């Protein structure tokens, strides 16, 4: 049994345990962790499978949720699978983690269930006022493997929906964020169908999220994802924002990465930072 989100540990203690040597890399990592420790007291390790970017982002979003995001409140939110399938037949090739090889025609109902679950969990946790209880509710959710993976399927589907919206907006001459051009400039994802086949279907199975897909996740959730990229310490990219020009009313979640592949989360903002 693996913990999805392990208990808190002092950030500098964690750093000393992980980066002992005197190589240039170890020195840079230590400097990076010192900078994070100016703002946050502790770190929680995220289970390292190909879902860790989803896990870290969703855990942070739910930990600080005080209300349902606007996009989760809309009436037709749970109708997404049916609505998209009625327009795009290729979505039948969607791959579910728990049900590889099952046809989309049959699993549209399952994705609907996952979207309903996401809405329900977000609503329940955001209504918990006591910070300790809220943390316990999040910990409990991320110990339930089946529910947890169902939520990631919901997130992947929301990313597909967002990609389709951006692709269509660009084709109709509307302004789209720069990352959207980059997303569809790749040989492997020049349209949403290819994005699904070559990228989204593989997330969690054989790969995690690439940089440009972190932007897509941020847009799907309407959250700014702030990442301390420790190996980029002392460069402009040490703290990277997805998207880099965030909407003012989007909440912010913070993650830590040493290599852009695995993500952990900093917790317990230092008092002076909060003031």
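Note: Cβ is positioned from N, Cα and C throughout, glycine not excepted.
What TrEMBL records for this protein:
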- 49: active site (ACT_SITE)
- 52: active site, nucleophile (ACT_SITE)
- 237: site 'Linear diubiquitin binding' (SITE)
- 262: active site (ACT_SITE)
Checklist entry - residue 52 (active site, nucleophile) has how many other Cβ neighbours within 10 Å of its own Cβ? => result 22
Item to check | Spatial neighbours of residue 262 (active site) among the recorded positions 49, 52, 237 [C-alpha, 10 Å] | outcome: 49, 52
Checklist entry - Per residue, counting other C-beta atoms within 10 angstroms of the C-beta, which of the recorded positions 49, 237 reaches the highest number? => result 49
Checklist entry - How many Å separate the Cα atoms of residue 49 (active site) and residue 237 (site 'Linear diubiquitin binding')? => result 25
Checklist entry - Taking the Cα atoms as reference points, how far is residue 237 (site 'Linear diubiquitin binding') from residue 52 (active site, nucleophile) in Å? => result 21
